[in-house]
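Features of the protein shown, as given by TrEMBL:
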BINDING   Cys14, Cys50, Cys84  [4Fe-4S] cluster 1 binding site
BINDING   Cys159, Cys163, Cys166  [4Fe-4S] cluster 2 binding site
DOMAIN    5-123  domain 'MTTase N-terminal'
DOMAIN    145-375  domain 'Radical SAM core'
DOMAIN    378-441  domain 'TRAM'
Amino acid sequence: MNNEKKVVTLTYGCQMSERDAETLTEISRQEGYVTSNDLENADLIIINTCCVRESAENKILGKIGDLKKLKDKNPNLKIAVSGCMVQQPGALERLQKRAPHIDIWTGTHNLHEFSGLLHRSAAGSKVAEIWQEPQETIESTPLAEKGKLQANVNIMYGCNNFCSYCIVPHVRGRERSRKPEEIIEEIKSLAANGCREVTLLGQNVNSYGKDFDPPFDFADLLREVDQIPELLRIRFITSHPKDLSDKLIQTIASGKKLCEHFHLPLQSGSNSILSSMNRQYTREYYLSIVEKIRDLVPQATLTTDIIVGFPGETEEDFEQTLEMINLVHYSQAFTFMYSKRSGTPAATMNDQISLDVKKRRLQKLMSVQNEESHQLRQRMIGKFYEVLVEGPSKTNPNRLTGRTRGNILVVFNGPQEVIGSLVSLRIIEAGSWTLVGELETTE
Ligand code: 5AD
Ligand code: SF4
(Lines of atoms letter the chains of each structure in order from A and count residues from 1; the text may use other names and numbers.)
(Lines give C-alpha, C1' and ligand atoms only; values in the text may rest on other atoms or scores of the structure.)
(Ligands and ions follow the chains in the order given, each with its own letter.)
Protein backbone atom coordinates (compact mmCIF):
# COMPACT_ATOMS: atom_id res chain seq x y z
CA MET A 1 0.00 0.00 0.00
CA ASN A 2 2.72 2.44 1.02
CA ASN A 3 4.65 1.62 -2.12
CA GLU A 4 1.94 3.22 -4.21
CA LYS A 5 3.23 6.14 -6.24
CA LYS A 6 1.18 9.25 -5.58
CA VAL A 7 0.31 12.05 -7.98
CA VAL A 8 -0.91 15.45 -6.79
CA THR A 9 -2.33 17.79 -9.43
CA LEU A 10 -2.67 21.52 -8.87
CA THR A 11 -4.60 23.41 -11.48
CA TYR A 12 -5.20 27.10 -12.12
CA GLY A 13 -7.53 29.00 -14.43
CA CYS A 14 -10.66 28.21 -16.38
CA GLN A 15 -12.68 25.00 -16.77
CA MET A 16 -10.78 24.14 -19.93
CA SER A 17 -7.62 24.22 -17.92
CA GLU A 18 -9.27 22.05 -15.26
CA ARG A 19 -10.29 19.57 -17.92
CA ASP A 20 -6.68 19.42 -19.20
CA ALA A 21 -5.53 18.77 -15.64
CA GLU A 22 -7.97 15.86 -15.41
CA THR A 23 -6.51 14.41 -18.60
CA LEU A 24 -2.96 14.64 -17.25
CA THR A 25 -4.04 13.10 -13.94
CA GLU A 26 -5.80 10.28 -15.75
CA ILE A 27 -2.73 9.55 -17.87
CA SER A 28 -0.67 9.42 -14.65
CA ARG A 29 -3.17 6.95 -13.18
CA GLN A 30 -2.80 4.79 -16.25
CA GLU A 31 0.95 4.93 -15.57
CA GLY A 32 0.39 3.49 -12.10
CA TYR A 33 0.05 6.57 -9.90
CA VAL A 34 -2.79 6.99 -7.41
CA THR A 35 -4.29 10.44 -6.93
CA SER A 36 -3.61 12.26 -3.67
CA ASN A 37 -3.77 15.73 -2.08
CA ASP A 38 -0.69 15.20 0.04
CA LEU A 39 2.06 17.35 -1.50
CA GLU A 40 4.64 16.37 1.15
CA ASN A 41 4.47 12.69 0.21
CA ALA A 42 3.91 13.01 -3.53
CA ASP A 43 5.99 11.15 -6.11
CA LEU A 44 4.70 13.27 -8.97
CA ILE A 45 3.35 16.84 -8.81
CA ILE A 46 1.62 18.31 -11.84
CA ILE A 47 1.10 22.07 -11.97
CA ASN A 48 -1.29 22.96 -14.73
CA THR A 49 -0.94 26.70 -15.35
CA CYS A 50 -2.96 29.72 -16.48
CA CYS A 51 -1.62 32.96 -17.97
CA VAL A 52 -4.79 34.95 -18.58
CA ARG A 53 -3.79 37.58 -15.99
CA GLU A 54 -0.50 38.54 -14.37
CA SER A 55 -1.90 37.83 -10.90
CA ALA A 56 -2.46 34.17 -11.85
CA GLU A 57 1.06 33.90 -13.20
CA ASN A 58 2.61 35.40 -10.06
CA LYS A 59 0.71 32.99 -7.84
CA ILE A 60 1.84 30.02 -9.93
CA LEU A 61 5.47 31.20 -10.04
CA GLY A 62 5.37 31.42 -6.24
CA LYS A 63 4.06 27.86 -6.01
CA ILE A 64 6.66 26.52 -8.44
CA GLY A 65 9.36 28.20 -6.33
CA ASP A 66 7.97 26.69 -3.10
CA LEU A 67 8.16 23.18 -4.53
CA LYS A 68 11.96 23.38 -4.65
CA LYS A 69 11.99 22.57 -0.93
CA LEU A 70 10.13 19.31 -1.55
CA LYS A 71 12.45 18.42 -4.41
CA ASP A 72 15.48 19.06 -2.16
CA LYS A 73 14.01 16.73 0.47
CA ASN A 74 13.04 14.03 -2.01
CA PRO A 75 15.22 13.97 -5.14
CA ASN A 76 13.02 11.18 -6.58
CA LEU A 77 10.05 13.53 -6.72
CA LYS A 78 9.10 14.47 -10.28
CA ILE A 79 7.53 17.86 -10.96
CA ALA A 80 5.73 18.60 -14.22
CA VAL A 81 4.56 22.06 -15.27
CA SER A 82 2.01 22.19 -18.08
CA GLY A 83 -0.54 24.46 -19.71
CA CYS A 84 -1.05 27.99 -20.96
CA MET A 85 1.81 29.71 -19.13
CA VAL A 86 4.37 27.34 -20.63
CA GLN A 87 2.77 27.64 -24.07
CA GLN A 88 3.35 31.43 -24.34
CA PRO A 89 5.83 32.30 -27.08
CA GLY A 90 9.33 32.55 -25.57
CA ALA A 91 8.17 31.56 -22.06
CA LEU A 92 9.88 28.17 -21.76
CA GLU A 93 13.46 29.45 -21.70
CA ARG A 94 12.60 32.09 -19.11
CA LEU A 95 10.78 29.55 -16.93
CA GLN A 96 13.51 26.92 -17.20
CA LYS A 97 16.10 29.44 -16.05
CA ARG A 98 13.94 30.48 -13.14
CA ALA A 99 12.97 26.97 -12.03
CA PRO A 100 15.72 24.45 -12.85
CA HIS A 101 14.20 22.00 -10.34
CA ILE A 102 11.28 21.23 -12.70
CA ASP A 103 11.55 17.85 -14.47
CA ILE A 104 8.92 18.12 -17.20
CA TRP A 105 7.65 21.14 -19.14
CA THR A 106 4.75 20.69 -21.50
CA GLY A 107 2.23 22.87 -23.34
CA THR A 108 -1.46 22.86 -24.23
CA HIS A 109 -1.31 21.03 -27.56
CA ASN A 110 0.39 17.75 -26.63
CA LEU A 111 -1.40 16.53 -23.50
CA HIS A 112 -1.79 13.06 -25.00
CA GLU A 113 2.02 12.71 -25.06
CA PHE A 114 2.29 12.96 -21.29
CA SER A 115 2.95 9.26 -20.62
CA GLY A 116 5.94 9.39 -23.00
CA LEU A 117 7.23 12.45 -21.14
CA LEU A 118 6.88 10.63 -17.80
CA HIS A 119 8.89 7.71 -19.19
CA ARG A 120 11.64 9.98 -20.51
CA SER A 121 11.81 11.72 -17.19
CA ALA A 122 11.91 8.40 -15.30
CA ALA A 123 14.89 7.45 -17.47
CA GLY A 124 16.68 10.39 -15.94
CA SER A 125 16.48 13.28 -18.35
CA LYS A 126 14.89 16.70 -18.01
CA VAL A 127 12.07 16.98 -20.52
CA ALA A 128 10.62 19.97 -22.36
CA GLU A 129 8.10 19.29 -25.11
CA ILE A 130 5.92 22.09 -26.42
CA TRP A 131 4.20 21.99 -29.76
CA GLN A 132 3.94 25.43 -31.31
CA GLU A 133 0.87 24.42 -33.32
CA PRO A 134 -1.90 21.98 -32.50
CA GLN A 135 -1.97 18.93 -34.77
CA GLU A 136 -5.38 17.56 -35.77
CA THR A 137 -7.98 17.63 -32.97
CA ILE A 138 -6.98 14.90 -30.59
CA GLU A 139 -10.03 12.79 -29.81
CA SER A 140 -8.63 10.13 -27.57
CA THR A 141 -8.02 12.16 -24.42
CA PRO A 142 -8.63 9.87 -21.45
CA LEU A 143 -11.94 10.25 -19.69
CA ALA A 144 -12.15 11.96 -16.36
CA GLU A 145 -12.24 9.89 -13.19
CA LYS A 146 -15.20 7.54 -13.04
CA GLY A 147 -18.19 7.81 -10.73
CA LYS A 148 -18.26 11.62 -10.74
CA LEU A 149 -21.63 13.32 -10.62
CA GLN A 150 -20.51 16.23 -12.77
CA ALA A 151 -18.06 16.37 -15.65
CA ASN A 152 -16.63 18.90 -18.06
CA VAL A 153 -16.49 17.86 -21.70
CA ASN A 154 -14.47 19.72 -24.31
CA ILE A 155 -16.42 20.21 -27.49
CA MET A 156 -13.84 22.42 -29.16
CA TYR A 157 -10.42 23.85 -28.59
CA GLY A 158 -8.93 27.27 -29.30
CA CYS A 159 -10.36 30.66 -30.18
CA ASN A 160 -10.50 32.77 -33.37
CA ASN A 161 -11.63 36.00 -31.80
CA PHE A 162 -8.48 37.82 -30.80
CA CYS A 163 -9.99 40.19 -28.28
CA SER A 164 -7.25 42.78 -28.00
CA TYR A 165 -6.48 42.07 -24.32
CA CYS A 166 -6.54 38.29 -24.45
CA ILE A 167 -3.68 35.78 -24.55
CA VAL A 168 -5.91 32.74 -25.07
CA PRO A 169 -5.80 32.56 -28.90
CA HIS A 170 -2.00 32.82 -28.63
CA VAL A 171 -1.69 29.80 -26.34
CA ARG A 172 -4.64 27.65 -27.41
CA GLY A 173 -4.51 28.18 -31.18
CA ARG A 174 -7.39 28.46 -33.65
CA GLU A 175 -10.82 26.88 -33.20
CA ARG A 176 -10.97 23.12 -33.70
CA SER A 177 -14.27 21.35 -33.07
CA ARG A 178 -14.43 17.76 -31.92
CA LYS A 179 -16.64 15.49 -33.99
CA PRO A 180 -20.22 15.31 -32.67
CA GLU A 181 -20.16 11.50 -32.56
CA GLU A 182 -16.98 11.52 -30.43
CA ILE A 183 -18.54 14.01 -28.01
CA ILE A 184 -21.76 11.99 -27.73
CA GLU A 185 -19.74 8.81 -27.19
CA GLU A 186 -17.73 10.43 -24.39
CA ILE A 187 -20.88 11.75 -22.68
CA LYS A 188 -22.66 8.38 -22.97
CA SER A 189 -19.69 6.72 -21.37
CA LEU A 190 -19.63 9.32 -18.55
CA ALA A 191 -23.36 8.85 -17.99
CA ALA A 192 -22.96 5.07 -17.88
CA ASN A 193 -20.38 5.63 -15.12
CA GLY A 194 -22.68 7.70 -12.92
CA CYS A 195 -22.30 11.22 -14.30
CA ARG A 196 -25.57 13.19 -14.19
CA GLU A 197 -24.52 16.68 -15.25
CA VAL A 198 -22.19 17.67 -18.08
CA THR A 199 -20.83 21.07 -18.95
CA LEU A 200 -19.86 21.42 -22.60
CA LEU A 201 -16.74 23.52 -22.85
CA GLY A 202 -15.35 25.85 -25.47
CA GLN A 203 -13.94 29.39 -25.52
CA ASN A 204 -16.88 30.20 -27.76
CA VAL A 205 -19.31 27.29 -27.99
CA ASN A 206 -21.50 29.29 -30.37
CA SER A 207 -18.99 28.79 -33.14
CA TYR A 208 -18.90 25.03 -32.56
CA GLY A 209 -18.91 23.05 -35.82
CA LYS A 210 -18.37 26.06 -38.10
CA ASP A 211 -15.06 24.49 -39.10
CA PHE A 212 -16.82 21.40 -40.54
CA ASP A 213 -17.94 21.02 -44.14
CA PRO A 214 -20.93 21.09 -44.04
CA PRO A 215 -21.05 23.00 -40.76
CA PHE A 216 -22.68 21.43 -37.69
CA ASP A 217 -24.73 23.67 -35.42
CA PHE A 218 -24.11 23.88 -31.67
CA ALA A 219 -27.86 23.88 -30.98
CA ASP A 220 -28.14 20.54 -32.84
CA LEU A 221 -25.35 19.12 -30.71
CA LEU A 222 -27.23 20.21 -27.58
CA ARG A 223 -30.39 18.52 -28.87
CA GLU A 224 -28.50 15.26 -29.31
CA VAL A 225 -26.96 15.44 -25.84
CA ASP A 226 -30.44 16.17 -24.45
CA GLN A 227 -31.49 12.67 -25.64
CA ILE A 228 -28.98 10.75 -23.48
CA PRO A 229 -31.26 9.00 -20.97
CA GLU A 230 -29.20 8.85 -17.74
CA LEU A 231 -28.17 12.52 -17.84
CA LEU A 232 -30.16 14.95 -15.74
CA ARG A 233 -28.61 18.25 -16.75
CA ILE A 234 -26.61 19.90 -19.51
CA ARG A 235 -24.73 23.17 -19.22
CA PHE A 236 -22.39 24.98 -21.59
CA ILE A 237 -19.80 27.74 -21.43
CA THR A 238 -18.79 30.19 -22.89
CA SER A 239 -21.08 32.01 -25.31
CA HIS A 240 -19.59 34.94 -27.21
CA PRO A 241 -22.48 37.43 -27.48
CA LYS A 242 -21.74 38.17 -31.14
CA ASP A 243 -22.46 34.53 -32.09
CA LEU A 244 -25.41 33.63 -29.88
CA SER A 245 -28.09 32.45 -32.31
CA ASP A 246 -31.88 32.64 -32.01
CA LYS A 247 -31.87 28.90 -32.66
CA LEU A 248 -29.76 28.34 -29.55
CA ILE A 249 -32.11 30.40 -27.39
CA GLN A 250 -35.10 28.48 -28.80
CA THR A 251 -33.32 25.18 -28.20
CA ILE A 252 -32.71 26.05 -24.54
CA ALA A 253 -36.35 27.11 -24.24
CA SER A 254 -37.58 23.77 -25.57
CA GLY A 255 -34.93 21.36 -24.20
CA LYS A 256 -35.65 19.04 -21.28
CA LYS A 257 -32.31 18.90 -19.51
CA LEU A 258 -30.73 21.99 -21.02
CA CYS A 259 -30.21 24.37 -18.12
CA GLU A 260 -31.55 27.88 -18.50
CA HIS A 261 -28.29 29.65 -17.79
CA PHE A 262 -26.30 31.80 -20.21
CA HIS A 263 -22.76 32.90 -19.44
CA LEU A 264 -22.46 35.92 -21.71
CA PRO A 265 -19.22 37.86 -21.14
CA LEU A 266 -19.94 41.57 -21.51
CA GLN A 267 -16.38 42.80 -20.78
CA SER A 268 -17.45 46.46 -20.99
CA GLY A 269 -20.66 48.46 -21.29
CA SER A 270 -19.07 51.21 -23.38
CA ASN A 271 -19.19 51.02 -27.16
CA SER A 272 -15.85 52.74 -27.61
CA ILE A 273 -14.13 50.32 -25.21
CA LEU A 274 -15.92 47.33 -26.78
CA SER A 275 -14.59 48.47 -30.11
CA SER A 276 -10.98 48.80 -28.92
CA MET A 277 -11.36 45.42 -27.20
CA ASN A 278 -12.32 44.03 -30.65
CA ARG A 279 -15.45 42.44 -29.18
CA GLN A 280 -17.49 42.93 -32.37
CA TYR A 281 -20.78 43.89 -30.74
CA THR A 282 -22.27 47.03 -29.27
CA ARG A 283 -24.03 47.46 -25.95
CA GLU A 284 -27.30 47.86 -27.89
CA TYR A 285 -26.77 44.54 -29.65
CA TYR A 286 -25.92 42.86 -26.35
CA LEU A 287 -29.09 44.24 -24.78
CA SER A 288 -31.13 43.01 -27.74
CA ILE A 289 -29.89 39.45 -27.10
CA VAL A 290 -30.72 39.76 -23.41
CA GLU A 291 -34.21 40.86 -24.36
CA LYS A 292 -34.63 37.81 -26.63
CA ILE A 293 -33.48 35.51 -23.83
CA ARG A 294 -35.86 37.16 -21.35
CA ASP A 295 -38.69 36.80 -23.89
CA LEU A 296 -38.16 33.16 -24.80
CA VAL A 297 -36.66 31.81 -21.58
CA PRO A 298 -38.08 34.00 -18.79
CA GLN A 299 -36.61 31.83 -16.02
CA ALA A 300 -33.05 32.08 -17.44
CA THR A 301 -30.18 33.39 -15.35
CA LEU A 302 -27.38 35.37 -16.89
CA THR A 303 -23.80 35.59 -15.71
CA THR A 304 -20.93 37.56 -17.15
CA ASP A 305 -17.24 38.53 -17.18
CA ILE A 306 -16.25 42.18 -16.92
CA ILE A 307 -12.87 43.88 -17.17
CA VAL A 308 -12.29 47.29 -15.56
CA GLY A 309 -9.44 49.63 -16.41
CA PHE A 310 -8.95 48.63 -20.03
CA PRO A 311 -6.60 51.17 -21.69
CA GLY A 312 -8.44 54.43 -22.39
CA GLU A 313 -11.43 53.61 -20.12
CA THR A 314 -12.85 56.94 -18.88
CA GLU A 315 -15.17 57.47 -15.90
CA GLU A 316 -18.03 57.76 -18.41
CA ASP A 317 -17.09 54.45 -20.02
CA PHE A 318 -17.01 52.84 -16.59
CA GLU A 319 -20.40 54.36 -15.67
CA GLN A 320 -21.83 52.71 -18.77
CA THR A 321 -20.58 49.34 -17.53
CA LEU A 322 -22.25 49.93 -14.17
CA GLU A 323 -25.44 50.85 -15.98
CA MET A 324 -25.40 47.51 -17.82
CA ILE A 325 -25.25 45.65 -14.50
CA ASN A 326 -28.51 47.31 -13.51
CA LEU A 327 -30.10 46.77 -16.92
CA VAL A 328 -29.27 43.09 -17.35
CA HIS A 329 -29.67 41.83 -13.74
CA TYR A 330 -26.90 39.24 -13.73
CA SER A 331 -27.04 36.55 -11.07
CA GLN A 332 -23.24 36.65 -10.89
CA ALA A 333 -20.40 38.60 -12.49
CA PHE A 334 -16.74 37.58 -12.64
CA THR A 335 -14.91 40.88 -12.42
CA PHE A 336 -11.29 41.56 -13.28
CA MET A 337 -8.81 44.41 -13.41
CA TYR A 338 -7.28 44.68 -16.86
CA SER A 339 -3.90 42.93 -16.91
CA LYS A 340 -1.28 43.63 -19.61
CA ARG A 341 -0.43 40.47 -21.57
CA SER A 342 2.66 40.84 -23.70
CA GLY A 343 2.09 40.08 -27.37
CA THR A 344 -1.52 41.31 -27.28
CA PRO A 345 -2.48 44.63 -28.97
CA ALA A 346 -3.88 46.18 -25.76
CA ALA A 347 -0.51 45.85 -24.01
CA THR A 348 0.94 48.63 -26.15
CA MET A 349 -2.16 50.87 -26.29
CA ASN A 350 -1.93 54.43 -24.99
CA ASP A 351 -3.70 55.55 -21.82
CA GLN A 352 -3.00 52.55 -19.63
CA ILE A 353 -5.00 52.99 -16.41
CA SER A 354 -3.29 53.25 -13.02
CA LEU A 355 -3.61 50.46 -10.49
CA ASP A 356 -5.35 52.79 -8.03
CA VAL A 357 -8.08 53.65 -10.52
CA LYS A 358 -8.51 49.99 -11.50
CA LYS A 359 -8.87 49.00 -7.86
CA ARG A 360 -11.42 51.70 -7.17
CA ARG A 361 -13.49 50.75 -10.21
CA LEU A 362 -13.33 47.06 -9.34
CA GLN A 363 -14.60 47.73 -5.81
CA LYS A 364 -17.45 49.85 -7.12
CA LEU A 365 -18.38 47.28 -9.77
CA MET A 366 -18.39 44.49 -7.22
CA SER A 367 -20.61 46.41 -4.84
CA VAL A 368 -23.14 47.23 -7.57
CA GLN A 369 -23.19 43.57 -8.65
CA ASN A 370 -23.49 42.34 -5.06
CA GLU A 371 -26.59 44.42 -4.62
CA GLU A 372 -28.05 42.92 -7.82
CA SER A 373 -27.22 39.37 -6.68
CA HIS A 374 -28.75 40.09 -3.31
CA GLN A 375 -31.99 41.35 -4.82
CA LEU A 376 -32.15 38.39 -7.18
CA ARG A 377 -31.80 36.00 -4.21
CA GLN A 378 -34.43 37.89 -2.25
CA ARG A 379 -36.87 37.50 -5.15
CA MET A 380 -36.35 33.72 -4.99
CA ILE A 381 -37.71 33.46 -1.43
CA GLY A 382 -40.94 31.46 -1.22
CA LYS A 383 -40.55 29.94 -4.70
CA PHE A 384 -39.74 26.32 -5.63
CA TYR A 385 -36.63 25.36 -7.58
CA GLU A 386 -35.34 22.10 -9.03
CA VAL A 387 -31.94 21.36 -7.48
CA LEU A 388 -29.40 18.66 -8.39
CA VAL A 389 -28.01 17.57 -5.03
CA GLU A 390 -24.19 17.52 -5.13
CA GLY A 391 -23.28 16.41 -1.59
CA PRO A 392 -22.52 17.85 1.86
CA SER A 393 -22.05 21.61 2.00
CA LYS A 394 -18.39 22.68 2.31
CA THR A 395 -19.17 25.29 4.95
CA ASN A 396 -21.60 23.15 6.96
CA PRO A 397 -21.19 19.39 6.38
CA ASN A 398 -24.47 18.68 8.20
CA ARG A 399 -26.30 20.30 5.34
CA LEU A 400 -26.55 19.28 1.71
CA THR A 401 -25.85 21.51 -1.23
CA GLY A 402 -26.86 21.69 -4.85
CA ARG A 403 -27.58 24.08 -7.69
CA THR A 404 -30.70 25.35 -9.37
CA ARG A 405 -31.01 25.02 -13.15
CA GLY A 406 -29.87 28.64 -13.22
CA ASN A 407 -26.64 27.58 -11.44
CA ILE A 408 -27.41 29.21 -8.11
CA LEU A 409 -26.12 27.39 -5.03
CA VAL A 410 -28.65 26.33 -2.36
CA VAL A 411 -28.04 24.61 1.00
CA PHE A 412 -30.68 22.57 2.82
CA ASN A 413 -31.26 19.82 5.38
CA GLY A 414 -31.99 16.46 3.83
CA PRO A 415 -31.16 12.76 3.82
CA GLN A 416 -27.93 11.48 2.20
CA GLU A 417 -30.02 9.34 -0.20
CA VAL A 418 -30.96 12.38 -2.28
CA ILE A 419 -27.33 13.04 -3.28
CA GLY A 420 -27.08 12.69 -7.05
CA SER A 421 -30.77 13.21 -7.69
CA LEU A 422 -33.09 16.10 -8.47
CA VAL A 423 -35.19 17.52 -5.64
CA SER A 424 -37.65 20.37 -5.39
CA LEU A 425 -36.67 22.99 -2.81
CA ARG A 426 -38.59 25.97 -1.52
CA ILE A 427 -36.28 28.89 -0.80
CA ILE A 428 -36.75 30.06 2.79
CA GLU A 429 -33.81 32.36 3.41
CA ALA A 430 -31.39 34.45 1.35
CA GLY A 431 -28.10 35.44 2.96
CA SER A 432 -25.43 37.50 1.23
CA TRP A 433 -23.77 34.45 -0.26
CA THR A 434 -26.01 31.46 0.31
CA LEU A 435 -29.58 30.55 -0.29
CA VAL A 436 -31.27 28.24 2.18
CA GLY A 437 -34.01 25.93 0.96
CA GLU A 438 -36.25 23.25 2.39
CA LEU A 439 -37.36 20.03 0.74
CA GLU A 440 -40.82 20.14 -0.70
CA THR A 441 -42.97 17.72 1.28
CA THR A 442 -45.42 15.52 -0.55
CA GLU A 443 -48.47 14.82 1.53
N1 5AD B 1 -6.94 41.16 -18.19
C2 5AD B 1 -8.02 40.99 -17.38
N3 5AD B 1 -8.97 40.08 -17.61
C4 5AD B 1 -8.84 39.31 -18.70
N5 5AD B 1 -9.62 38.33 -19.20
C6 5AD B 1 -9.05 37.83 -20.30
N7 5AD B 1 -7.89 38.48 -20.56
C8 5AD B 1 -7.75 39.41 -19.58
C9 5AD B 1 -6.77 40.38 -19.29
N10 5AD B 1 -5.70 40.57 -20.07
C11 5AD B 1 -10.90 37.95 -18.59
C12 5AD B 1 -12.07 38.15 -19.56
C13 5AD B 1 -12.44 36.75 -19.92
C14 5AD B 1 -12.10 36.01 -18.66
C15 5AD B 1 -11.96 34.53 -18.78
O16 5AD B 1 -10.88 36.57 -18.25
O17 5AD B 1 -13.12 38.78 -18.86
O18 5AD B 1 -13.79 36.61 -20.29
FE1 SF4 C 1 -10.12 35.53 -25.19
FE2 SF4 C 1 -11.98 36.86 -26.59
FE3 SF4 C 1 -11.34 34.32 -27.26
FE4 SF4 C 1 -12.69 34.81 -24.99
S5 SF4 C 1 -13.41 35.23 -27.09
S6 SF4 C 1 -10.90 33.45 -25.24
S7 SF4 C 1 -11.83 36.77 -24.33
S8 SF4 C 1 -9.98 36.11 -27.39
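Cβ atoms are placed via backbone N, Cα and C, with glycine included.
No curator has checked TrEMBL annotations; they are predicted automatically.
Sequence features, as recorded in TrEMBL, placed on the structure.
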{"residue": "Cys14", "record": "[4Fe-4S] cluster 1 binding site", "contacts (Cβ under 8 Å, 6+ apart)": "Cys50, Val52"}
{"residue": "Cys84", "record": "[4Fe-4S] cluster 1 binding site", "contacts (Cβ under 8 Å, 6+ apart)": "Gly13, Ser17, Thr49, Cys50, Cys51, Val52, Thr108, Ile167, Val168, Val171, Arg172"}
{"residue": "Cys159", "record": "[4Fe-4S] cluster 2 binding site", "contacts (Cβ under 8 Å, 6+ apart)": "Cys166, Val168, Pro169, Arg172, Arg174, Glu175, Gln203, Asn204"}
{"residue": "Cys163", "record": "[4Fe-4S] cluster 2 binding site", "contacts (Cβ under 8 Å, 6+ apart)": "Gln267, Met277, Asn278, Arg279"}
Consider only the binding-site residues Cys14, Cys163, Cys166: which of them have a Cβ under 6 Å from an atom of ligand 2? Write none if no residue does.
-> Cys163, Cys166
Taking the mean position of the Cβ atoms of Cys14, Cys50, Cys84 as the [4Fe-4S] cluster 1 site, which residues outside that list, in the same chain, have a Cβ no more than 8 Å away, listed in sequence order?
-> Tyr12, Gly13, Met16, Ser17, Thr49, Cys51, Val52, Ala56, Gly83, Met85, Val168
Which number gives the other C-beta atoms within 10 angstroms of the C-beta of Cys50 ([4Fe-4S] cluster 1 binding site), all protein chains shown included?
-> 23
Hey, for the [4Fe-4S] cluster 2 site built from Cys159, Cys163, Cys166, who else sits with CB inside 8 A of the CB center?
-> Asn161, Phe162, Tyr165, Ile167, Val168, Pro169, Gln203
The number of other Cβ atoms within 10 Å of the Cβ of Cys166 ([4Fe-4S] cluster 2 binding site), counted over all protein chains shown, is 21
Is Cys163 ([4Fe-4S] cluster 2 binding site) helix, strand or coil when read with DSSP?
-> coil
Scan Cys50, Cys84, Cys159, Cys163, Cys166 for binding-site residues whose C-beta lands under 6 Å from an atom of ligand 1 and note them, or write none.
-> Cys166
Mapped DSSP class for Cys84 ([4Fe-4S] cluster 1 binding site), helix or strand or coil | helix
